[in-house]
Amino acid sequence: MDEEISDGSKTWVGSDISELCLGKGPWSFIVTPVNISKYHAVLYELPVTLDEPPKPHESVQPKLWDDEHVRMPFSEKNLFPITENGINVIKLRWNIIKDTFSKPITNGDELEAAIRSYNSNLPKLEALHRFLEEVSGEEEIDFFFTDVLPKIVKLALALPELVPAGIPLLRKNHCRSVSLSQAQIASLLANAFLCTFPWRKDVANTFPGVNFVRLFAAHGRPDRENSIMEKLKCIVHYFLVVAAAVPVGVVTFERKFIPKADMPRWDMLDSDLGSTKIHVDSSGTIEDNGLGFLQVDFANKNVGGGVLGYGCVQEEIRFVICPELLISRLFVEQLGDQEAVIVTGVERYSKYKGYGDSFEYDGNFIDETPHDEYGRRRTTVCIIDAIRFNKPRDQFRPSAMLRELNKAYVGFSSRQKCNLAPVATGNWGCGAFRGSAYLKALLQLMACCAAGRNLVYYSFGDEELRRDFHGIYQFLSEKGVTIKQLWRILCGFSPSGFSDTSLYLFIQQTYITQKKEPVIEKLVENKNGHCSSSQNKTVFKKQECEPSTSFQGRRNGDEIREEKIDFTKTNDMEIDDDIIDATPPEEIKFKKKQTKKAKMSEKEVLEKMPKTNIMELIDRIDGNTNNNHKEGHQEESFLSKLDSFKKTGKGRVVGKTECSTNDNTISNQDTFKIPKTKISQYFTSKPTKPS
């Protein structure tokens, strides 16, 4: 049952979380299985007992250096040129790494020199130096070099034993999964910290890369320096935890791809939007409050975005408080428009506060999320990237909305068809990507409905969005609006020219206009200004519409400026035929209304006539200005042509003169213009046509 905010302490509207969990708690939803197959590489031995880290899977033919697998640092083909005693020689890079870290390292300069010994193309690691020399105190610096760094090195050098088989690349346009133990991920991330993964020019533009070089060198933006330091604190804290007690769980990374031909036909889906339950909360966060749900990561097409650079918003924060997500950058290729990545089993290690430039590491986090039957924590992250809009108005075009709908559907859909966890999401792509939260909330609702999931939406403190989204959901639910009906209404919003703040009001009134229902004058609100199913009584008026302030208007201080909209224009909708096929006959058709001009009186016609000799005018029209005809013959020629136009309905061009009965105009570009009035009305009486 939908609930309303009754006092200031309640921050949510819609269905209660316990109702979405069917009274069974957040850990009762179905999970995807771990099955070894051609399309699912499991790099540890089954079954997982959780008593100790699972044993690594030994492969008869390990793939350590080819185009379909990660090129491992310890591969025999990983060579590096060095100079010894003035002689250029080529050595195994892994041997250089082991020799370098067999010696104690006591300061930042020695650490940078060690990394450069096997990775020469490096910028100055200024952020790393600042972290070790300025941010950390003397005791912390000493602790890092005597305790933390040796543990990171030990984890890194254990890679050949922990991951003896190759890690397949999750490439574009393929459905494929990789499952790794948390111990294996820790070793891979330790190598990323030491920057040991070989750089590949051929994949540099499509694989994000996992070496920490960019993070260590991120020192060119003073406004982001503090957030860089805080991200480093989260990562160092992760290594402290996993080195002290190696985690025993496993993590699955799944790349999902759905061809366009298999995508839903949004203009044909009859699913009732009200069948999807929603919970809208202006407080809380996805990772804190979406426990057990499918948690959306507002991703970059390169997974992780700027996590190893200057970025520090939703995705980057999630990746540093759950660093096991970082390893996806090693083998997940850049995402396409019909792709998503689902990560199941990641553990959270850090608390945080703030956002963006104000982000801060806030201490250790003890993750008490239970494990599923396959040894994974019941935390599932859905990585989907939104479009970045240079012109925000472009997001309302059918092609852009279709792309976002398909992207969300790929992330939300599942091979399992029952007992699916709700989607925990929020203002996806609405920050630097300039998306409209009002539109993205609706698109995600549609995708959830098509995928058979309920929706939990966190508006991140936006109480107005919480109220408005829940209000339009109630309208859609009460009216029984289907996905295809909402899709077609949305397709008409861009050509309507209305401002984006009027989207929800536009949807209401367009639906009412199409259904020929009485037009809403005002939606009654409760004392707090929120719509409710019990109080949302409708007052109807036969002709005029008073727009509701619930779903439109622009804030100006504490005032809402209403936007008066002529909803007779909402039928002038255009549907992009390249995106969605033409609407079937039984559905709503969007036609431009034809209006008839009132006929002019004889007096008005005479007053509007140009001051021109009528016979000279007719001669010009007939192209006979150089012929000396009698008046009767001139009239006969003109009227014969006019009669022909009436019979055929087509105009004829003589020189630069055009006559047309379709648009009721006559024009001569060189000499004169006539108002848009029927030619026959220029004559008070029609002369008798000669025999």
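Cβ coordinates are placed from backbone N, Cα and C, and glycine is handled just like the others.
Feature list (source: TrEMBL):
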type     : residues               : note
DOMAIN   : 138-255                : domain 'PARG helical'
TRANSMEM : 235-253                : transmembrane segment
DOMAIN   : 266-466                : domain 'PARG catalytic Macro'
ACT_SITE : Asp297                 : active site
BINDING  : Asn300, Gln314, Tyr355 : substrate binding site
ACT_SITE : Glu315                 : active site
ACT_SITE : Glu316                 : active site
REGION   : 542-562                : region 'Disordered'
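Applying an 8 A CB threshold to same-chain residues 6+ apart, the list for Gln314 (substrate binding site) reads Asp297, Phe298, Gly431. It is 10 Å from the Cα atom of Glu316 (active site) to that of Tyr355 (substrate binding site). Using a 10 Å Cβ-Cβ cutoff, Glu315 (active site) registers 21 neighbours.
A straight line from the CA of Tyr355 (substrate binding site) to the CA of Glu315 (active site) spans 11 Å.
Averaged across the domain 'PARG helical' (138-255), pLDDT for the predicted model comes to 95. Distance between Cα atoms for Asn300 (substrate binding site) and Glu315 (active site): 8 Å, as a whole number. Of all the active-site residues listed here (Asp297, Glu316), it is Glu316 whose C-beta has the fewest other C-beta atoms within 10 angstroms. As a summary of secondary structure, the domain 'PARG helical' (138-255) carries 63 helix, 14 strand, 41 coil according to DSSP.
Neighbour density for Tyr355 (substrate binding site): within 10 A of its CB lie 16 other CB atoms from the protein chains shown.
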